[in-house]
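**Q** So that we are looking at the same thing, I have put the structure below in structure tokens.
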Amino acid sequence: MNDAFAGLPYRPCVGVMLVNSQGRVFVGRRIDDKDGVAWQMPQGGIDDGEELHPAALRELSEETGVAAELVTIIAESREEHLYDLPDELIGKLWGGQYRGQRQKWLLLRFAGEDTDIRLDAHDPAEFSEWRWVEPEQLPDLIVPFKRRVYRQVVDEFRDLI
């Protein structure tokens, strides 16, 4: 990381690992992905004064259309997970105010049907397509700078999935 960015803070964020009854995990392909490599689980910033669980349910609803009554919160990560953006993205995302994200992750069990997932529930949409994948597949689908965090989240939640 460029020393000019090292003093920037991390953006407070919540991540959601949504699992179905078969133990598969939701991933969405980012709508701005041109290369087919930017898949991710739902995640987003925590607003000032917002608590973790409501932030997770809000992000889930905005990005997937999944209503709160269709999920059960199973677990919360023991610690926050940090990642740094590549230097070339720091000035382009979040107004250049953050060096990366500080994420707390929640594991949620999905009790709905696939038809309850609506990527067009929020404008603008976050994802262009989605699928269920095995937890072990996640890190290989994710942009390289987030892979370490995804491995940590999979390892932490593996026995609960």
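Yeah, the Cβs are placed from backbone N, Cα and C, and that goes for glycine too.
As annotated by Swiss-Prot, domain 'Nudix hydrolase' applies to 9-155, with the evidence given as sequence analysis. Taken from Swiss-Prot, the feature motif 'Nudix box' covers 44-65.
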**Q** Averaging the per-residue pLDDT over the motif 'Nudix box' (44-65), what integer do you get?
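**A** Its mean pLDDT is 97.
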**Q** By DSSP assignment, list the helix, strand and coil residue numbers for the domain 'Nudix hydrolase' (9-155), in that order.
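**A** Secondary-structure breakdown of the domain 'Nudix hydrolase' (9-155): 45 helix, 49 strand, 53 coil.
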